[in-house]
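To start, the structure itself, in structure tokens.
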Amino acid sequence: MMHKIESKRGMLALMTSHCAGMVDLVALPIWIGTLIANYHFGFQQAGGLVTLFLLGAMLASLIFAPIFNRFNPKWPVFIGFLSACCAFYLASKNTHFSVLAILHLVGGFSAGLALSFTHGTMGRSINPHRIFGFAGLALGIFAILFLAGSLNLIRNFGGSTLFLILASIMAVAAFIAFLFYPQVNKKQDNIQFEAYHRPKFSKYIWCCIFGISLLAMTNSMNISFYERIGIARGFGESSVALTLIIYGIVSIFPAPIAAFTQKYLNPLAVICIGPIFQAIFSLVLTHSHNYFLYTVAGSCMVFTILFTHTYAFGLLARLEPTGRAVAGTPAMLMFGAALGPILAGTLVQYISFEAIGIMGCILVVVQLILFNIVRAYYTNHGIAQNA
């Protein structure tokens, strides 16, 4: 039985799939930290493994987002999460870098496949902005549970526990998708199949897409080494663990706030202002030796990307109604997020943690250029008001 997107069971499947597919956003600090502390990889190697996972997700999205409309999304989501579960389970049984590298790539491709079809389905809902806002709320709740539970489990049972936890998350997502994954709204089916010659994206859509990628890249550079920065600053494991839990708690709020402010804020303004805060928090996070500022900056980093991206998602869904652009959300996010960990690891290994903040500011300047091109065009043409 297929359920509607807006039904309770359909929403449950989409929220679960979103949380599993976006697990990297939640797990990055612990993931990198575990690879360094428990597997004894260098900064660059640890960042490289996570980068391979994100590159796999990006590759899957690039392949499947353009053909999203040709499949019943339930089966790619189910198969993707089931395959990711197997990859993470095998990763828990291995410690060799080369084997882990292959498994990270396979796991990322599988999760990216599932996430592409999940976001494509959300984009075909009656109100994509609202759906994505609730998905962000679910991700925030999931973040608290993940961060609070995994830290103790990894400390007590070893680094391989991280991969067992990730495998379990993927298994649950596959099971719920198999039972409850919704069908695409029929009233929009004509968008899928009426015209086989779908229009190409305008250069302004591409500017928005690349801007979102850089938004994700700036975030992943900072969050990847959030835990390591705290340890290096001498804050202690217990204090850093508390900081990560606060990070998870804060991540609950931005997406629902974005959903409820939908009618009051112009998405074009939001995507142009959000990156400025990213630059500020990146500098504070990487340069401050004050525990309070470190905690606040990290939490505000996650608030900024989740709030800004919710508006960007709703805007793209409105500007490109076939669902292809939002189905490519994993590619946008993972392209930037994939480069973030290895770039940050290289900067830390050869320069310092502070170099991450400087590079973050450079990326923000490029974001502002791209997003302001989008804002100028659509403001002049009167296309996008409150999405």
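Positions of Cβ are set from backbone N, Cα and C atoms, glycine also.
A quick note: this is a predicted structure, and the numbers were derived from the prediction, not measured.
The transmembrane segment annotation in TrEMBL covers 12-37, 49-68, 75-91, 97-119, 131-154, 160-181, 201-220, 240-260, 267-285, 291-313, 325-344, 350-371.
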So which of 49-68, 75-91, 267-285, 291-313 is most in touch with the transmembrane segment (350-371), counting Cβ pairs under 8 Å? 267-285
Residues of the parent chain within Cβ reach of the transmembrane segment (201-220), under 8 Å, 6 or more residues beyond its termini: 24-25, 28, 54, 271, 274-275, 278-279, 282, 301-302, 304-305, 308-309, 312, 315-316, 319-320, 324-325, 328-329, 332-341, 343-344, 360, 363-364, 366-367, 370-371, 373-374, 377-378
Given 97-119, 131-154, 160-181, the one sharing the most C-beta pairs under 8 Å with the transmembrane segment (49-68) is 97-119
For the transmembrane segment (160-181), which recorded stretch in the set 12-37, 97-119, 240-260, 291-313 gives the largest number of Cβ pairs separated by under 8 Å? 12-37
Cβ contacts under 8 Å made by the transmembrane segment (240-260) with residues that lie 6+ beyond its boundaries: 26, 29-30, 129-130, 132-137, 139-141, 143-144, 146-148, 151, 226-227, 230-231, 291, 294-295, 298-300, 302-304, 306-307, 310-311
